[in-house]
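Student: Here it is, the structure, as structure tokens.
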Amino acid sequence: MAPAGDREGYWGRTTSTLDWCEENYAVTWYIAEFWNTVSNLIMIIPPIFGAIQSIRDGLEKRYIASYLALTVVGMGSWCFHMTLKYEMQLLDELPMIYSCCIFVYCMFECFKIKNSVNYHLLFTLVLFSLIVTTVYLKVKEPVFHQVMYGMLVFTLVLRSIYIVTWVYPWLRGLGYTSLGIFLLGFLLWNVDNIFCHPLRNFRKKVPPIIGVTTQFHAWWHILTGLGSYLHILFSIYTRTLYLRSRPKVKFIFGIWPVILFEPLRKH
């Protein structure tokens, strides 16, 4: 975490329970952590287009919700890192729990008839979200949030491994790419936390353009944003295969992946 004593800026004194390694208000007086803020664009813009495409393709609402939930996480994280206010921190961290619950629901319902609703799983995930929210608002302990989030991610990992091992082995490339990118982001998140002091000292000695590349919390946003987006594609791919469609991944401008598929047939 960041050392105490960072300068104050437009948003005043820091009230969040976390302050990351990026130097506060170093780039502009109006944004506390500039690179940690703008790096959230990858979680805001692409999922919006994904949601629009899902509506056009007639996908089930839970996939539209998945894309929009990722956008909400990105917007909350933007507000948190821009202000370092406790209220904005909650706007970042709690949607992380809610979005993962949506992802879990999608992954465990991918082999059901179209437009079915699993009320038992839905109730369990809503209850889990309410309990985590209530406890976190009371204890205000970031480690509790991180453990709860980690549990959900671990559940997604196990489910994904089951699918690519026993159901659709040819999806290993997409599934493991999503997982690998996310884990790389998690690794850099830890590097940023553990080696904050050396990283800050290094940035003082090198040109700014080089120092920016060591903003590893920003890289966490970029990599986990991409990993989460790819996970949604993986979930949609699995679902549309089960519904006897023919999905395929296409790269826009040779860079950004999207899913295209033929109209769904009746199952």
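Positions of Cβ are set from backbone N, Cα and C atoms, glycine also.
Pulled these from TrEMBL:
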type	residues	note
BINDING	D19, W20, E22, N24, E33	Ca(2+) binding site
BINDING	H81, H217, H221	Zn(2+) binding site
TRANSMEM	34-52	transmembrane segment
TRANSMEM	64-84	transmembrane segment
TRANSMEM	96-112	transmembrane segment
TRANSMEM	119-137	transmembrane segment
TRANSMEM	143-162	transmembrane segment
TRANSMEM	174-191	transmembrane segment
TRANSMEM	218-238	transmembrane segment
Student: Given the binding-site residues D19, W20, N24, find the one whose Cα is closest in space to the Cα of H221 (Zn(2+) binding site).
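Tutor: Checking each of D19, W20, N24 against H221 (Zn(2+) binding site), the shortest Cα distance is to W20.
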Student: Tell me, if you would, which residue among D19, E22, E33 (binding-site residues) has the fewest other CB atoms within 10 Å in the structure shown?
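Tutor: Ranked by other Cβ atoms within 10 Å, the binding-site residues D19, E22, E33 bottom out at D19.
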Student: Given the transmembrane segment (64-84), which of the listed stretches 34-52, 96-112, 119-137, 174-191, 218-238 has the most Cβ pairs that are under 8 Å apart from it?
Tutor: 34-52
Student: Can you find at least 3 Cβ pairs under 8 Å between the transmembrane segment (174-191) and the transmembrane segment (218-238), where each pair is 6 or more residues apart in sequence?
Tutor: yes
Student: Going through 96-112, 119-137, 218-238 one by one, which has the most CB pairs that fall under 8 Å from the transmembrane segment (34-52)?
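Tutor: Out of the listed stretches, 218-238 contacts the transmembrane segment (34-52) most.
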Student: Determine, for the Zn(2+) site, the additional residues of the same chain whose CB lies within 8 Å of the mean position of the CB atoms of H81, H217, H221; present them in sequence order.
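Tutor: Counting only non-site residues, the set is W20, E22, E33, W35, N36, T37, S39, N40, S77, Q215, A218, W220.
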Student: Neighbour count, 10 Å Cβ-Cβ cut-off, for H217 (Zn(2+) binding site): what number do you get?
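Tutor: For H217 (Zn(2+) binding site), the count of other Cβ atoms within 10 Å is 22.
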